[in-house]
Amino acid sequence: MLNIVCRVCGRQKICEKSLNLFDLVNRKYLKHLHMISGLRLVDLDDVPGFMCLCCQAELRSALAFRKLCIKTQTKWLTIEDDSSSGDEDTNDNSELESEKCAFSDFGKKKEGELVEETFQVLIEEEPMDKTLNRDAKAQLREDGIDEKCVPSQKIIKVSTKLDDQIYICELCGTHATSKPTFQRHMRKHRGERPFGCKDCDARFLSAGELRAHHRVHTGEQPFACRFCEKRYVSYMGRLIHERTHTNDRPYVCEECGKKFTTAYVLKNHMVIHTGERNFRCDICDRSFQRKAHLVTHTRSMMHLQNVKKQKS
């Protein structure tokens, strides 16, 4: 009986124009629902999986309203920046901090392309997993930043409780508990690696990663495992390794319940459920779920033969 009603509102009955939220072609609606409500809907047995026509219209309206809010606040921010650009009195900073906003420009957008603004927002939410907080603090240590001294940026304040504040990436829904961690994440989207090694061509997303990399050149390994004799160039490297001793697996797959030691391994696991094939070989017109599979393919005889055919 439940399967004939809408998953979102729970009231309207599904019809021919209702959408199956868990079809691959409709996954953008799950993303939009998460963007608006913060909820991650999961396909469950005996639970509706369709969204009714009314909720589709409500969702479009909510997305349009969100876009309008962002556009308007960007305009006010521009006016505020222009009016305060010539003011050198630092005592006025308290007024600016009363309404902080931050928006990221990702460069010129192609015509016809869906433009989706990205901004940082602080919201009230249940306390984050202690392990996630620990990982965020570890990243701060790697960056050499005191958590209490993180420089303030212009951010939309929705909550005044520091412990409840998180940063949300509006491109992918990722949550971060510290500003440096969020900034590092956004550099991934922009393709920025501003921290370059002086000894080689490697570039990194954060100063902490650069510092850890530099230890590869110096041979320094200051972070010793508390359970064995292994040593590591970074705090995070040691933390991840020690989970093999403690069997701590804080990253849980919402689809099947499997647990993993790092977010990276969980992300790789998720492609099994989503069926995404983001790594493509244009020469052979084939797509793969993992980068490693694509690399293996490029070494295959079939790929090499296709490369020769294309050159001839």
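The backbone N, Cα and C atoms fix where each Cβ goes, glycine too.
Summarising the annotation, Swiss-Prot assigns Zn(2+) binding site to CYS6, CYS9, CYS52, CYS55. Sequence annotations record features per position, and here Swiss-Prot assigns domain 'ZAD' to 4-79. According to Swiss-Prot, the zinc finger annotation covers 167-189, 195-217, 223-245, 251-273, 279-303.
Neighbouring residues of the recorded Zn(2+) site, listed in sequence order and excluding CYS6, CYS9, CYS52, CYS55, comprise VAL5, ARG7, VAL8, GLY10, ARG11, GLN12, SER18, MET51, LEU53, CYS54, GLN56, GLU58 (Cβ within 8 Å of the Cβ centroid). Neighbour counts of Cβ atoms within 10 Å were compared across the binding-site residues CYS6, CYS9, CYS52, CYS55; the minimum falls on CYS9. Secondary structure counts, DSSP: the zinc finger (195-217) has 11 helix, 4 strand, 8 coil. When Cβ-Cβ distances below 8 Å are used as the criterion, the zinc finger (251-273) is approached by residues 40, 42-43, 240, 243-244, 289-290 of the same chain, each at least six residues removed from its ends.
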